[in-house]
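Here is the structure we will look at, set down as structure tokens.
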Amino acid sequence: METAAEETAEKRTDVAVKGEAAIKPQFLTTKDKFHRFVDSEWQGSKGGENDTADEPKASDEEPEPKKLKLDSDDRNSAGKPDSKRLRGQNKSRPHIKPTTYDEKRLCLSVIQNRECPFGDKCHFHHNVADYLASKPADIGESCYLYETFGKCTYGLACRYAKAHTTPDFKTMEKADVIKAYEGRVVVKNSLSKDLQNRLRKRSVAFKKSADYLKTLANYKDKREQQGNGNACAAEVPADPAGEKQHASTGAELQASPDKQPLVKTVGPLTDADVIKLRSCEKKQVDFTDKLYLAPLTTCGNLPFRRVCKRFGADITCGEMAMCTNLLQGQQSEWALLKRHESEDIFGVQVEGCFPDTMTRCAELINNNTDVDFVDINSGCPIDLVYKKGGGCGLMTRTRKFEQIVKGMNYVLDVPLTVKIRTGVQEKSNIAHKLIPEMKDWGVSMITLHGRSREQRYTKLADWDYITTCAKLASPVPLFGNGDILSYEDAMKARETGVSGIMIARGALIKPWIFTEIKENRHWDISSSERLEVLKDFTNFGLEHWGSDTRGVEKTRTFMLEWLSFMCRYIPVGLLERVPQKINERPPYYMGRNYLESLMASQNVGDWVRISEMLLGPVPKNFNFLPKHKANAYK
């Protein structure tokens, strides 16, 4: 095996492969030999059991990163495949419902030891013996929830039920541990049933938003009265929360809806002036020189953020939430706002394209959640968001963008931040034009991703442009984002004059990057240590999503999504040139032990094997394809 690897390495070192990371020759191998080794060792570790017939549908071969459709619409005028359609997310992946892996569940009334309100009409199990006969085997001997909190709320439905179930099917409790957690709120920002019902009935009052939106309506009427000729010269309504606000606008905002707007006044402060919360009175957050974990769709969930907090992330932010879904009281969308007690500086990111919905959403968040800042997503490149005017689309709709920022600023008691890209088109940067305007609008911090929407990840981030924008943004803090995968990358980024750095893919590939940056070192982390990181994620996932079958499979799915990034990490001890660059593709290599080789595999089936080491065997009908088809190595 070693001889074959050396021969392959010699051939490869003669001709450098463009775009591939430089690995020491003795570790290099070929695709066929790599997979043969991983498969044979895995079968050997299972005691030679032949259960290939029951293996899950996780693709026995590596998934093709790009697949061309044969429709005529997918070809350009020259008849060649249109490369633009190759980018983006894997939209054709199979959608698995949560109920798929747990056909008939144990009724909640049995778990909570109470009478079922549905009686004979209930569709769930009430006979414990029948349920246990069909329930999958327990995964392990120790239940994380029982050991941590003294009680497992999933009772007999828990996949670790043996650890806290008596012979007569009663759930055990640890009174001393339960008492220690009494009155302690571990996870905040949950959606209450009362608020959800009021949102669905549209009975939630948005008083501040109504005040602001009334000024917009008045301004629109004035513009129409002035006519098209003077419309362009008309003044945009000033920021109600800003110090430079126009006196008449301030009076309008505080006026009662049934009264006429007050006339412009000059002189002493009135009650209408001092009632408003000034920007200087808002909660202040020190963003300077902090490490900011980017809001990551799908992978940036609460368990993953907890892992990053352990490694030294200073600022965390929830996944992008759609403002309309929050206003409708959707439970799945509100789950993105949840905050763990370990997240000391935490914000939420919202996406929207209209001033009315974004302002109401900001007021809803302000009144019903505990956050340190609210971030506007003006950098999302996906078509679903961009085509309706949100995400990157806001950068080209400056009037709407301004109204959104000023409206949200008016209703919020916490800082408002904005995340943007360099622009929409690849060779047409517009961020430098927007940043001076955003300073006047009242944003507290700007994050700039050094790529355009069209560019995606095909080229390196433009840190020279970020440097220019950081100077324009001063004194407002500007965070730079793009291509940071080592402490050396972070040091170079700090030299550009940015106030701090945001880390996205770098944290997915190696969450210990925060430790490396703070300790100024390269960490040659072992495969067993990386497995412990995944074990922590597993425990956090079971705590967050549940330890029953549904929770276990949901934890597994999110772990597999994360492993689709984590497999790109190359151990420091194997690199010929340190550090690894984020745009360099890992070649096929043998690790220093079997687990290190397994973790290097980009085969979905091998990721499933890693998940089985922590969460037990997958169900027979299990199916998974990664969400992201990355073209970062092109």
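Using N, Cα and C of the backbone, Cβ positions are placed for all residues, glycine too.
Looking at 101-129, 275-303, 333-361, the range tied to zinc finger in TrEMBL is 101-129. Residue counts for the compositional bias 'Basic and acidic residues' (30-39) by DSSP state, with H, G and I taken as helix and E and B as strand, are 9 helix, 0 strand, 1 coil. DSSP states for the zinc finger (142-167), grouped as helix (H, G, I), strand (E, B) and coil, give 13 helix, 1 strand, 12 coil.
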